[in-house]
Amino acid sequence: MAVEKKSLNFIEAIIEEYLEEKGEGAKIHTRFPPEPNGYLHIGHAKSICLNFGLAEQYNGLCNLRFDDTNPAKEEQEYVDSIKEDIKWLGFMWDNECFTSDYFQQLYDWAVQMIKDGTAYVDDQSPAEIAEQKKTPTEPGIKSPYRDRSVEENLDLFERMKNGEFPDGSKVLRAKIDMSSPNMHMRDPIMYRILRKAHHRTADNWCIYPMYDYAHGESDYIEGITHSICTLEFEVHRPLYNWFLEQIKDGEYAPVQREFARLNLSYTIMSKRKLLQLVNERHVAGWDDPRMPTISGMRRRGYTPAAIRKFADTIGVAKRENVIDVALLEHHVREDLNKITPRMMVVTDPVKIILTNYPEGITEKVYADNNPEDESAGKREMTFSRELYIERSDFMEDAPKKYFRLSLGNEVRLKHGYIIKAESVVKDENGDITEIHCSYDADSKSGSGTEASKRRVKGTLHWVSAEVALPVEIRYYDRLFTDEAPDGHKDKDFLDFINEHSLEVSHKALAEPALKDAKPEDKFQFQRIGYFCVDKDSTPEHLVFNRTLTLRDTWAKMQKKK
RNA sequence: UGUCCCAUGGUGUAAUGGUAACACACCGGUUUUUGGUGCCGUUAUUCAAGGUUCGAGUCCUUGUGGGACAACCA
């Protein structure tokens, strides 16, 4: 049998080359290194799927490492949510690591670098240092403190650690090249003084390492082989390598590779802006179902399988990209279509009365739980003389392409009978309050009669008035009305917030089978969309979030006119 | 007037010097007791110019366009 060779993305190609070169027994080791200063979003999900996925695929290891070198922004709350989100996506890390666990080793290496003459203490202010760095197009100039003696540097750095100097008064810098065309090589800062309680090391330290110094060395400590990050760190790579050169002992060193971060249409991904949405109450929190956070998508009803398939489909490359959010939605619908039980919920009810149906009785009808999955079985529904259907499923005078109920025309009530609309009752405003219909008593679904096999154009969902269950529905839609909310120079992303991204309704009536639904349970409300039970839901007051609508070609036809 | 990266249908991703393909979106058809799903089909792609080669989306040169880099953030 011919085995189709799956094409590799450039990271996989690098890994296969590595594995081949290292030979028998070689293992790759990746890491996912979030800073615990916010909630994970769909962009992180891409990185998670990449790093954990690669480890899985090549039988390697993947660490979770919290890059917690800035206590000013980091909190335990974020650590917890990050772990929860990764697990929810279906991944498990081999080691749980914290950069803060390496503070002592990092300090020792810094001391070593001072001894080697490759690091020095600078007493200048941030403004002075920035001034001397100059711009990318002109070389920087050297700090007056650059040539301090090793002894003095050692003494000063130790006293920095001991808390003898105020915050911001001194930094430790790497001594590299102030005239490098790469700004990051112009004597980057390795340590700053910062008196801020750290979420793990409390007040043990008042100096904290900077990202560029800490990251590569942490990779080194953990034995990471492939340090995969996003494109903006590409310019940092020479520095990443430089720091490793200073401390490595032997052949091994991790290798940094960069890929293009995910951008999604109609979405913002910036942590700062997401935080702003939360802080300014444009959304209800990090897990608001309109947020592109993993917790938001979970609450919205998206599934791990859909997100992972999506990550797989979009691929990994170095080109700047904007993925159509419709692709994500496609994968969510695809998964939900397979797994969700079908239920009948009338979102905007109008009553129908079957005038020739016997009064005072009800009967059972049987409904497939999922036509895509026979093993999902059937459930019982109550059929009765008075029922509710969707207000939009009736028109007195219907256009020719309208397949639903109209005066004098027939439709099938799904899993029930064929009915014909005879007359309407209206209130003083002219709004329809009741539709009187006749039903074809021989047409019961599944009864096998000639009448039951009759084909009518329309099939409607319904609930029996006797047992209908009032529920709350939260209709979520895209948060932004613009494809690129933060892509406009003259406009703020907040200008594009969709006023209708959340509409709450208490009108809906559900079939009673829904009464035991628990938070995160997912359903397809037949002919309407996919819904999931919100965490605000209680047995007395069910709350459903609309995950996505069904594709609706009728609505599309209407729109075109 | 620096360094680095990138350039394939509308959006993404493949093609690893040998017939430019797949997914989504779009449009059309078909099936259907969900105007859902499924199935079939249409439209549409190598930034430009040179060069190397029997042969270039792929290699080279130049240009053009886009992006990253000047936090005591990561």
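Glycine is no exception: its Cβ is also placed from the backbone N, Cα and C atoms.
What you are looking at is a predicted structure, and each value in this text was computed from that prediction instead of being measured.
TrEMBL lists A:27-337 with the feature domain 'Glutamyl/glutaminyl-tRNA synthetase class Ib catalytic'.
Taken from TrEMBL, the feature motif ''HIGH' region' applies to A:34-44. Same-chain neighbours of the motif ''HIGH' region' (A:34-44): 66-68, 70, 73-76, 78-79, 81-82, 85-86, 199, 261-264, 267, 269, 271, 274-275, 286-287, 291-295, 297, 307, 328, counting only residues six or more beyond its ends whose CB sits under 8 Å from a CB of the stretch.
Per TrEMBL, ATP binding site is recorded for A:35-37, A:41-47, A:Thr230, A:261-262, A:269-271. Note: A:Glu35 (ATP binding site) has non-local neighbours A:Phe66, A:Asp67, A:Asp68, A:Asn70, A:Lys73, A:Glu74, i.e. same-chain residues 6+ apart with C-beta under 8 A of its own C-beta.
A 10 Å cutoff on Cβ-Cβ distances gives A:Tyr211 (L-glutamine binding site) a total of 16 other Cβ atoms nearby, all chains included. Look at TrEMBL and you will find A:Asp67, A:Tyr211 tagged as L-glutamine binding site.
For the region 'Disordered' (A:125-145), same-chain residues at least 6 beyond its ends with a Cβ under 8 Å from one of its own Cβ atoms are 168, 171, 173, 178-179, 181, 183, 186-187, 189. The region 'Disordered' annotation in TrEMBL covers A:125-145.
Counting same-chain residues at least six beyond the ends of the motif ''KMSKS' region' (A:268-272), those with a Cβ under 8 angstroms from any Cβ of the stretch are 37-38, 41-43, 261-262, 292, 480, 485-486, 493. Residues annotated as motif ''KMSKS' region' in TrEMBL: A:268-272.
Shown for the domain 'Glutamyl/glutaminyl-tRNA synthetase class Ib anti-codon binding' (A:341-440): DSSP residue counts in helix, strand and coil, namely 6 helix, 55 strand, 39 coil. The domain 'Glutamyl/glutaminyl-tRNA synthetase class Ib anti-codon binding' annotation in TrEMBL covers A:341-440.
For A:459-534, the entry in TrEMBL reads domain 'tRNA synthetases class I (E and Q) anti-codon binding'.
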DSSP state at A:Leu262 (ATP binding site), helix/strand/coil: coil
Structural state of A:Thr230 (ATP binding site), classified by DSSP into three states: strand
The domain 'tRNA synthetases class I (E and Q) anti-codon binding' (A:459-534) - residue tally per DSSP class, helix then strand then coil: 9 helix, 28 strand, 39 coil
For A:His44 (ATP binding site), nearby residues of its own chain (Cβ under 8 Å, 6 or more apart in sequence): A:Pro34, A:Ile294
For A:Ile42 (ATP binding site), the three-state class that DSSP assigns: helix
Per DSSP, three-state class assigned to A:Tyr211 (L-glutamine binding site): helix
